[in-house]
Structure formats: C-alpha cells, structure tokens
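Following: one structure in structure tokens, then a few remarks.
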Ligand SMILES: [Cu+2]
C-alpha cells in the first residue's frame, strides 16, 4: 500500500472510532429468565458490547410435549439485557451454524428504522454487528423480525431490554424477569410428542398454550420465584405475543407501583396491569405475608387451561392481622399436567414395503417439514413453497432428494409462484429421507412413485447444496 493511502486509511479509522473511544467499554451481562442482570452502578454512559446468539432447539412446552423453539440465547424469553440511558450499544448478533433460518433483531429501545432489523439480518453461521444509542429510558421488548415475522415470534423469539434512567431505579430486594407468550401447535393442549407450529391457528389467534417463560410450569414447584416477608420485589413483565394481550395479575398481592407500559408513568395500588403484545410493564410490591402467590393472565381460562400461571413462594413469619387464613399448597396447580410421558423421538425404523414407507414418512414429515410446508403441504405464500401438487417436485423427484439432503437456495417457481428463500439441509437418515419423500409423492395430488434408501445414499455421496441461478444470497 502506498504511504498516502495508508495515511488516509488510518485517518478514516480514527475518525470512525474517535467518538466511541471516549466512552469506557464494557461487555453486557446477559441473563436467562427469570434472572435479571444486577443494577447499573455507574453514573456515566459507556459503550456496551452485547453478544447474543440465535439458537433453534427442541424444548418441552409442557410435560411430554416438545416444541422446536427459535430463541435468543437458548431460552424463551431470550436473555435479559440491561443498559443505561445514554449508553452506546455495539450489538453482535450471531446465528448458530445449526440454525435452519436466518434471524434478526428489532429492539424497541432503538431509535432508527426497523429497530435494527435490517442491520442485524443474519444467516446461519454468521454474525452481524450494528450500533445504537439508548436515548429513552424504559423497559422494552425485542424480537425477531425476519419474514414470516409472526412465525418467528410465535416460535419464541422475543425478550426484554431495560434502559435504566440516568438516576437509576429505586433499589429493591429482588428483581425477576417474567414474559408471556402464546403458542400454536398442531395438536391440542397437552397432546404428547413433538408438536409442530400451526399457522392456521396462529392466524385465527386460537392459542393452544399461553405461558410465562416459555413453558407450562416454567415458574411452578421448585422453579417458583422466591422471596421473603418484608422484602420488595420488582417484576419486569413482558409480553412477546404474537397475538394476545396479557391481563397480568398476582393473586393475593396488590402492585404498590406499576411503571405503566414500561415507561415513566407510575400508577399506584394496581390489581391487574395490561401488558400489550410487544409491550412491557414493571410491577413492584412489598411482601407482607408468607405463602404461595400465583401469577396469572387474568383472562382466566388461559391460566387454568392453557398454562398462563406461575408462582412466587414467600417465606417468613405470618402476620395474622394482615391475613389470618390458612394458605393451602397446590390449590392452583395447572390441570392436565403430568398425565402421561412418552419416550422422546421414535425408534429407528426400516420400511418393508411402500405402504410402510409412507406411514413412517408421514411421521418424518410432521416432525421435520410441516412447520414450513404446512400440514396439507400447502406451504405459506411468499415464504414456503407448496409440496402439494408441486410441479417442481413432480418434474424431478430425484432433485427433491438433493433438496432434502443438501438444502436449496435461490429463486424457484412452484406452480407459477416465485420463491427466493433458503431451505435448510435436513439432518435425516437415508431411510427417513426415502420415507418422507415417498409420503409426499403419494400425498396431495402429487404423481406417486417411490424413493428408496439406496437412491438417497447414492445422492448423498454425489450431491452438494443446490443454488438456483440468479441467487441473490
Ligand atoms: Cu427469527
């Protein structure tokens, strides 16, 4: 490099970093729910480096019911982020290499187009970096905003970021992180096994599960929140939605103070506070008597029939004047829990004929394909192409083997509709690939036929990811 160029380059680098360099740099402490990072003690702004990772993983949504969650940091809700008003945040969003989908983040605490969404759009195995300044104090939701947005949120991609005001928040004895979300599964509430996402129910807003912190019972029993008589508690309550508004209530407590909608306005002596989808509230109360305090969405069928029920166990001396009665244990345990537990996954199978291949293939489809291509193979317009009556599939079924084995990206046309997205490579055995494609080929007006494990094995050796021409990715 010529000396003059070098000087310009160094000069530029300095110009870009000079301002940020005046602030002390620190790495954010991120916590998984129900924990909250410690209060900020500094009395000046800092440059805060945040490193968050999107991870897709199967977890229990209820006893014996599994769900493929898409997460920020491996939990639902995602990790809690705490910064101070005036801080400059350098946000690193990494998408785990095993992810099947691209993800991004829209933080409601960001002032700027999309809340960071476009700047943070991240393919699997990549990291995006963007910066923002926390201009307004308050408690804010963040969520994934990758298309189809509703689906990413419905799968659990949301969390909270607290921007403390410059003067800080009044100290309390305990702080907890509770976030509600609604979930839509093919099976009804409690139906065992791995349950795929149900787009139709989501559009109709007919939730099967409404839960705090990602699962029925996530805050019950030995996972209940704890506190002692005499202590003050601050709950950071969020609602990821995607659809439902929460009527947040703690049975047997009155919120001494609520930061309405997570902002500056403080309401006092509140029984039930409304937490909008994509919104938050801070609820504070002092504990005067011991016992189990049940947190609910007071849209009450959600609490007792869909999972929106958590617990805070308070220990300490009774105060018979404040409350004389006997506090019974387990009165409010949710119905339908611990009915039946099925072994995870299904045993390895070898199909003896085409009928068996289709039967086993149906299971593979429901567990691996249905979330995107939908239960009737109809797909989702603009996002996932149909595999029902698909000219792309029927024209060349062996190519479909490659699609499942190695993935597909770039523009394609299916039945006249254009798609330009990414189908991830599926980690399936030769047998499973043969079974699922035989099932698909013989369902929903496709042309029939059979794919054998031998064909799949051969394609596995030869193939590589298919990139359609003109790919923008
Ligand atoms: Cu996402």
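Every residue gets a Cβ built from N, Cα and C, even glycine.
The Cu cation binding site feature in TrEMBL is assigned to 103, 108, 143, 144, 152, 157, 298. In the three-state DSSP classification, residue 103 (Cu cation binding site) falls within a strand. Sequence-distant contacts (6 or more apart, same chain, Cβ under 8 Å) of residue 103 (Cu cation binding site) comprise 54, 70, 93, 95, 121, 122, 144, 146, 152, 157.
The domain 'Cytochrome c' feature in TrEMBL is assigned to 356-444.
Summarising the annotation, TrEMBL assigns signal peptide to 1-20.
Cβ-based neighbour count (10 Å, all protein chains) for residue 152 (Cu cation binding site) stands at 22. Long-range Cβ contacts of residue 143 (Cu cation binding site) within its own chain (separation 6+, distance under 8 Å): 105, 106, 152, 153, 157, 158, 159, 240, 278.
DSSP assigns residue 108 (Cu cation binding site) to coil, not to a helix or a strand. Taking every protein chain shown into account, 144, 157 are the binding-site residues, and of these the Cβ with the most other Cβ atoms within 10 Å belongs to 157.
Counting every protein chain shown, the number of other Cβ atoms lying within 10 Å of the Cβ of residue 108 (Cu cation binding site) is 19.
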